[in-house]
Every structure is written in structure tokens, then in C-alpha cells.
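Engineer: Here you go, one structure.
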């Protein structure tokens, strides 16, 4: 016992010495560690929590964009058994040449995703001094992959043109941010909508964490009720529908243990609790031969395990870098896609960034320190991402995990950027953190973001209805932007009566003044005649 106390004291003294040294150094002064009442180890812990909850985007984004075929085309299809040259249908089958191209593109996109996240996060930390991580956002990637380019290039716009659209939209958004219009637009959003955004985004994240493809698998699709309780031992790999063994999924119960570890740690104020749950579940899932392993004894599992055992691997981007073309910009579909992306960015990402600032306690009188630089970085990162071959890069709502761990300065964002840099070399490890390890943390993020619901004035019908619609639509429409738009729309509609009444009173006052002046003039004229 005495030895343990000595070790604990030594560790505590060493940590204090490290924190004091960093705080007094150039790094500490640059990031204002003492002014914001934080330490290096706190920022490191916050960055680790943020990165671990964001890391899933590396593989998810790569897989979604690869579904579009990316830079692969019919020219990559190989001729099978000396038959005639392959036709357009070769991209939909299992053509060896095309599949090899898809495999290469996925590796390109993994590196591109990490690189764009690194650049965005570093810029946010160094230029805005805010603890927010950036990465290619969910939503825009699916829109580009499945609606614009189409599955394996089946849409009307090529991947090269799609990246040109992202580039142009990023430049336009950067201009709006540079002119200071983005911050003003954010402050025009009613306070009740801003507060509801925090709650709605939390529910959105928690909903993602509960799903099969990105979380613990507690909920899944149902033909009658849309969603239902699942956690099934057998599920459809495509739809996620339950095929049998409801509530008997081993990975779900392992995720529950991870969630309880995180919850207990937070309940006892244990620093790093968000990390411990993820690390525990991941470590168990890396053991082969168990029911919860991420490496089953299948051809795919063996392939993933062989890649995992490499530990260190760096892939040089071969095809997506600079894959930009403006040749199709005469098509009307191009401008529809541009308008859609710009609209989502203007309302969605602005709301997310402002909400993160509110959750972190940075907002005072509707503004926050580093706001202008933050908006520029958030917009400019999309320009960088498009050049690398990925979609819109934006502030991630998972940054709230780092805020919960005490992140208060840009040092958190810088460390997140360095983690993404490291992930480019440790892709075999990072890409094999299972979804059921990340899911519990996403649910916990939803729990902590629910706290601001108490600040909404539920006794005021206009604010209550606005907040409820905003919160409800974010998870149910699977869109943060939809919730914001609906909330603002409801608020404006309910405010119209007061506006019309105010205008009517003003016009009535003007009429009375005119009549009074007219009567005075008439009286004077009468006196003069007499």
C-alpha cells in the first residue's frame, strides 16, 4: 500500500511538473492555457477523447465515397477469358480489374480523409485557438456518392466534376465567411433554436450510436414501425434488419459493458472515462476466436486481420489527389448540387460550429473568441478536402466529447490533427476500432448535450413549439440542417402575428399623427379666413 501511494505521488508530481513547464512555455502562452484554466494533460485527454469518437469517419467516409466508384471507370475493367471488351455493366459485377481499382481508391480515400481532417483540425487550433476537430462530414458524402455521382458512377455527374462542385462551394462559402456574413447569420438564429440545436444534435448522435452500421446495433429497420428494437445475433448485412436472436447479439452486450464503464467513470468524475470504455471494448474485440471479435475466421476477416497485424502502413494517394474537372459545368444538375451543398453548409455547419462554441462555454453576448478565424477555417477546409478527393470538411459534433473531458484551447484541436497524421501511418489499427466500441461514447455524448434542455423556456408556447420541432426533426429526418430550417420556419411563422400587429400599430400611429397635423392646419386656415 505504501509503495502504491509513493508511485501515485510520484506520478502526480511528474504530471504537475509537466503541466507547469508547458504552461510557462511558448506553447502554453500561445494557447493561453493558464488564462483558460486548463493544463497540457487535460488538453491531451480531451484530444484523445475527440479523436477516438471521430476516428470512425476515416473508414466510413472512404467506404461511402468508394461506393460511387470515385475515379474508377469502365476503362479499369479487365477483359475476362479473352472475350470482347467489357461493357458498362462490368462496374456492377465482380470484374477483377474494377474491384482492384476500388480497393486502391479506398486506400486513397482513407489517407485523404485523414489528411483533410489533420489540416482542418490543425488550422482550427492554431488560427482560432478552439478545441474543435474537423473532418469530412456525414451527409455531404452520402449526397455526393449516391445522389450526384451515383452508385459506381451511375449518376449524371462524374466524380471529378463532383469534386469541382465541392471546390467551388468551398470557395463561395469561404467568401461568405471572409465578409463576416456567416457569423451574422448565425446570430440571427433565435436563441431557442440554438439551444434546441444542442439537444437535437445530441439525440442525432445518440441515434447514430444505437444503429447497426455505425453503433451498438440496439435499433434497426422495421417494415411496420420504421425502427424497432434489435440487437440481434443475425442481421441482414445490407439493410441491418433482424434475422433472428433478438437481444442476443454478443457485441451489443459487450458495448453495454463499455457504456457502463464510461458512465461509472463519469459518475465518479474519473478523468478519461470516455476513452476507457472505447479502449476496453476495442481490446476485447481484437481477440480472435471469440463471439465478439472483429476478425472472424472468414476470407474477409482473415484479410482484415493480416492487414491489422502490419500495424504500420503508409499508402501514397494515387488517383484522388487533384481529381477535379469543370468540363460538365454546363449541366443544370451541377448547379443544383452546388446550391444544395451551399445551403447545407450555410445552415448545418454554421449551426454545429456555433452550438459547439455554446457547449464549450465560449459564447458571450452572442459572440465567441476566435469566431471569425473559426468560420474561415471551417470553410477553407472544404477547399483543401476537395483537392484531396473528399467532400465537405466541417467541425464535428463529436468535438463535444473532448469538451466533456475539459478541452478549452486550440491545443486540443492541434493534438487531434496530430492523431489524424499518425492515423495515416497506423491505418491498420485505427480502421479496426469496431463500431460497437464507438457507439457507447456517441450515446454518452447525447446524454451530456441534453443538459441545455433546461434553459429552453418551455412555458412560452412559441419557444416550446420551436424547440420541440427542431429537436424532433434532427434524428427523425437524419438531418441537422432540416431541424434548423424547420425550427427557424416555425419561429418566424409564429412571430408573424406580433410583427403584423406591430406594423398595424405603427401605421395607426402614423395615421393619427397625419390626421392631427391635418386638423391643426385646417384650424389655422379657418382662423385666417375669419
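Glycine residues also receive a Cβ, built from the backbone N, Cα and C atoms like all the rest.
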Engineer: Looking at the ranges 247-267, 310-330, which is given as transmembrane segment in Swiss-Prot?
Structural biologist: 247-267
Engineer: Check each of the ranges 221-241, 410-430 against Swiss-Prot and return the one annotated as transmembrane segment.
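Structural biologist: Checking Swiss-Prot against the ranges 221-241, 410-430, the transmembrane segment one is 410-430.
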Engineer: I need to check the long-range neighbours of the transmembrane segment (247-267): which residues 6 or more away from its ends have a CB within less than 8 Å of a CB in the stretch?
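Structural biologist: For the transmembrane segment (247-267), the sequence-distant neighbours (Cβ-Cβ under 8 Å, at least 6 residues beyond its ends) are 215-218, 229-233, 273-274, 276-278, 280-281, 284-285, 291-292, 404, 434, 436-437, 439-441, 443-444.
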Engineer: May I ask for the residues of the chain that lie six or more residues beyond the transmembrane segment (484-504) and have a Cβ under 8 Å from a Cβ within it?
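Structural biologist: Answer is 189-190, 192-193, 196-197, 347-348, 351, 462, 465-467, 469-470, 473.
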Engineer: Taking 46-66, 199-219, 410-430 as candidates, which has the most Cβ pairs under 8 Å with the transmembrane segment (275-295)?
Structural biologist: 46-66
Engineer: With pairs restricted to those 6 or more apart in sequence, evaluate whether the transmembrane segment (161-181) and the transmembrane segment (410-430) have 3+ C-beta pairs under 8 Å.
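Structural biologist: Output no: the transmembrane segment (161-181) is apart from the transmembrane segment (410-430).
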Engineer: Please give the sequence-distant neighbours of the transmembrane segment (383-403): residues at least 6 beyond its ends with Cβ less than 8 Å from one of its Cβ atoms.
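Structural biologist: Residues 46-47, 49-50, 52-54, 57, 61, 65, 70-71, 108-109, 112-113, 115-117, 119-120, 124, 131-137, 140-141, 144, 163-164, 166-167, 169-171, 174, 201-202, 204-205, 274, 317, 319-324, 341, 344-345, 348-349, 352-353, 355-356, 359-360, 374, 412, 416, 441-442, 444-445, 448-449, 480 contact the transmembrane segment (383-403) from elsewhere in the chain.
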Engineer: What else in the chain is close to the transmembrane segment (334-354), if you only count residues 6 or more beyond its ends and a Cβ gap under 8 Å?
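Structural biologist: Contacts with the transmembrane segment (334-354): 132, 137, 139-140, 143-144, 147-148, 157, 161-162, 165-166, 168-169, 172-173, 176, 182, 185-186, 189, 194, 197, 201, 328, 363, 374-375, 378-379, 382, 392, 394-397, 479-481, 484-485.
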Engineer: Which one of these stretches, 46-66, 199-219, 410-430, 436-456, 463-483, has the most C-beta pairs shorter than 8 Å to the transmembrane segment (115-135)?
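Structural biologist: When the Cβ pairs under 8 Å are tallied, 410-430 comes out ahead.
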